[in-house]
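Chemist: Would you mind keeping the following structure in view while I ask a few things?
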Amino acid sequence: MWRGVLVLGLGFLWVPVLLLVGFAFSADRIPFQWGGFSLHWFAALATNERLVEAAWLSLRVASGSATLATLIGGVAGFALARWGAFAGRGLFGALIGAPLVLPEVVTALAMLLLFVTLEAAIGWPAGRGALTILLAHATLGAAYVAVVVQARLAGTERVLEEAAMDLGAGPLATFRTITLPLMAPALAAGWLLAFTLSFDDLVIASFVSGPAGTTLPVLVFSALRLGLTPEINALGAVILALAGLCVALAALLLRARWLEGGGEGG
Amino acid sequence: MRRVLVLLPAWAWLLAFVAAPAVILLGIAFGTGAEGVPPFRWPFGPGLAWQGSFGNLATLIQDEFYRDSLWRAALLAGSTAVLTLLLGFPMAFAIARARRGWRVPLLALVLLPFWTGFLLRMGAFIGLLRDQGLVNAALLGLGLIEEPLTLLYTEGAMLAGMVHAYLPFAVLPLYATLSRLDPVLEQAAADLGATPATVFWTVTLPLALPGVVAASLLVFIPAAGEFVIPELLGPSDALPVGRVLWQEFFSNRDWPMAAALAVALLALLIVPIRLFQRAS
């Protein structure tokens, strides 16, 4: 019985996605109608300038914000996992984790109000666009990176670091030769997670972007409001392929051990 | 001392981009609308003179439209949480009891849609549920219906989209709890004569309760602010607070009212959020 529901649930998750991808190869002008095999809509995708421009902006914002998020979240996750009760830990933990528990619309509106207030007060950031989206996404991503890094370090023994210290390594050398390599898979997985969050985000980007900040989801959303087009099917197929690649990469990096539950651990 | 220096950039970032926006949001909820850019006035003028108003909060409490939007958001988030649990619990249980080599691939199958572009998946639902969509075409083709059914822009379509989007959020914490649950306990109960149903209700479910709580909160909290799914799949009169906030902000350009709605949503969520933080 449990397995039956699992199959049902997986079907519910996957059938719409697979149909979306399958009909991307249909020649018909009407989405989700079969008109023979064709790669026409992929070609249309590649020559749609607004779409290519939006995809390029999304890629730049996502990789930039993921990198910033990994730096901030990496330091934060390390401090939370290894420094015990440092001064201000409670507040620090609450601030880094806040974007995880706030609904997107709340984060988005608060971020926009900050940028507008800052611009009025100090003239920076001038206008809204790629930079404001990047800053907002980095803040969201840092929350996720911190969680992943903290979980990874909590699952590893401190013995290794203590041994290095006993053998005369300074704190910096210990961090560089022991802790950082321990953190590396979590940093990579965190970067990918932050990248995906940014690349997929509509709500925050809509609020904090001006006319100059049309990311891919903003463009797709305005298209979907008017109705579905076959180009959206083709885009879905491309993104699914890329996402599959990223997940395979992340799984390799984390070696998927923590997912097995119990057993040998980190 | 060195630790302070290492954390300094992170502290600065968090104070600037997490703490400050929260304070500003709260402040502007008490501000008033104004002509110009930005379209609001701070509640405090020069020399901290009070020029704000409690009008937005009063409107929120008195006006049925806004009260209703909060109630609808709670209802939408609540039904989404219940439905994802009903579907997600058996799924997580089946994965946790699958053979070792199967677990990670099965989990990946549940999580992968989460990475495939949320808007594109909602696009797929539009393609399936439209009047000329695939579901109607199939039902007409089978001769089960004469006229296409109205499936899109209904409460049902909205809930299907919500469950689709939030199911992975429920399965992951449920799996984390259920995979740590020792099947020996259930066997012991069965050996002592308990029926499978009794084993489930008296052993499995109570032990899985922390996962159930975490899963329902992890779905309820973001779902309460949801805007995109009701907008794309729901009926035009389904106006949970996320959608109303969006309207106030983008269509009416009433930023203080939007901020007040955000504060109200947070007030509604403060108990679930605290519970979630304690659970995790």
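The first residue you see is number 1, and the count goes up from there.
Placement of Cβ uses the backbone N, Cα and C atoms for every residue, glycine included.
What TrEMBL lists as domain 'ABC transmembrane type-1' is A:55-253. The transmembrane segment annotation in TrEMBL covers A:39-59, A:66-85, A:91-118, A:130-153, A:173-195, A:202-226, A:232-254.
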Chemist: Cβ pairs under 8 Å with the transmembrane segment (A:232-254): which stretch of A:66-85, A:130-153, A:173-195, A:202-226 has the most?
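Modeler: The stretch with the most contacts is A:173-195.
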Chemist: Cβ under 8 Å, sequence separation of at least 6 from the ends of the transmembrane segment (A:173-195): give me the contacting residues as numbers and ranges.
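Modeler: Distant Cβ neighbours of the transmembrane segment (A:173-195) are 62-63, 65-67, 69-70, 73-74, 77-78, 82, 137-138, 140-142, 144-145, 148-149, 151-153, 156, 160-161, 164-165, 246, 249-250, 253-255.
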Chemist: For the transmembrane segment (A:39-59), which stretch among A:66-85, A:91-118, A:130-153, A:202-226 has the most Cβ pairs under 8 A?
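Modeler: Most contacts with the transmembrane segment (A:39-59): A:202-226.
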Chemist: Please indicate, using numbers and ranges, the residues of the same chain that are 6 or more beyond the transmembrane segment (A:130-153) and have a C-beta under 8 Å from a C-beta there.
Modeler: 57, 60-62, 64-66, 68-70, 72-74, 76-78, 80-82, 96-100, 107-108, 111-112, 115, 179, 182-183, 185-187, 189-191, 193-195, 197-198, 201, 204-205, 208-209, 212-213, 215, 258, 266
Chemist: So which residues does the transmembrane segment (A:91-118) touch in its own chain, when a touch means Cβ under 8 Å and the partner is 6 or more beyond its ends?
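Modeler: Apart from its flanks, the transmembrane segment (A:91-118) reaches 73, 76, 79-80, 124-125, 128, 132, 135-136, 139-140, 142-144, 146-147, 201, 203-204, 206-208.
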